[in-house]
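Novice: Annotations per TrEMBL:
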SIGNAL    1-25  signal peptide
DOMAIN    33-127  domain 'Fibronectin type-III'
DOMAIN    129-222  domain 'Fibronectin type-III'
TRANSMEM  225-250  transmembrane segment
Amino acid sequence: MSRFPAVSPLPLLLLLCGPSTRLLADSLPNLPAPQNVRICSYNLIQVLYWDPVSVENGIGKVTYEVEFQAYGTKDWYKMKCSKITETQCNFTNAFPNTWRIFLRVRTVNNQLESEWVNTTDFQASRDTTVGPPTSVKVTSDFGLLIVAFSPPFDKISELNYYVYYWKNNAEKKVKATRSTSVKLNDLDPWTEYCLQVFAEYTTGEKNGTLSEPVCNRTTVKAEVMAIYTAKILFSVIFAIFALGVVCFILKQRFYENFKHWISPPFNLPAHIEEYLIEPTECVILAVLEKGSFIEDHCDTLSIISRE
């Protein structure tokens, strides 16, 4: 019999392998953490970016993990961007736009992990960059400029718009609106105005982008145009009436001369007139023989006596 008590092999195995395993883990190199971690948000499209991590010593291809934390809390939660090879994570619509959150990312390779790299707090409604309104059109209408445009993205009810307008490089004026159409009425007639439209999220942060300048020329106001048209119409009517009066006076005064000029009197040729005035010899002889141009007509009357 052995002088030593029996020893279970499992504790012995753990005793022998434990220090070696710990030494192996300590000897593994640390993975580099992602660098240049940043959040880009444009028109409420949120994407987390970072630079790719390069590793050596045959570690192989690395992946990345992303987690988030709500402002004022301590717990971190995994996002859909887990064990990805891309150096970006699109988290659009992952949270309400008014939430304040933190994001962090790290490099992973099998059992190796890098340190976490955290972002500053992010709030979409505050930090997103709003693009310029599109399809900006300006129409001139009786002294007004009617501005119409399309929103930069589909959340129309959550945007404020500012129309900046000016003339001849003068100081800019601004008009605020919640609609995608606005009328500018404090304008000078027959003047060219240029304008730009600016959109912002309803938080009041000036985080928008101006549209390209668009110009158009004003006309006169509707009231002025109505008076101008009435004057022209009155002038035309007066001119027609005056012309009629002048024509009537000229007709009364120069009618005979005008008639004679238009329709001169007809005169027979001299030889025909002479022929008609002096009867021919044949006609005179007939009158002398008959005594008249009309032949005498006689009726026979018979008287019968009664026996």
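Each residue, glycine too, has its Cβ placed from N, Cα and C.
TrEMBL annotations: computationally assigned, not manually curated.
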Novice: Take every residue in the domain 'Fibronectin type-III' (33-127), average their pLDDT values, and give the whole-number result.
Specialist: 93
Novice: Counting each residue once, how many in the domain 'Fibronectin type-III' (33-127) are helix, strand and coil under DSSP?
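Specialist: The composition, in the requested order, is 4 helix, 50 strand, 41 coil.
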Novice: For the domain 'Fibronectin type-III' (129-222), give the DSSP counts of helix residues, strand residues and coil residues.
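Specialist: Its residues fall into 4 helix, 51 strand, 39 coil.
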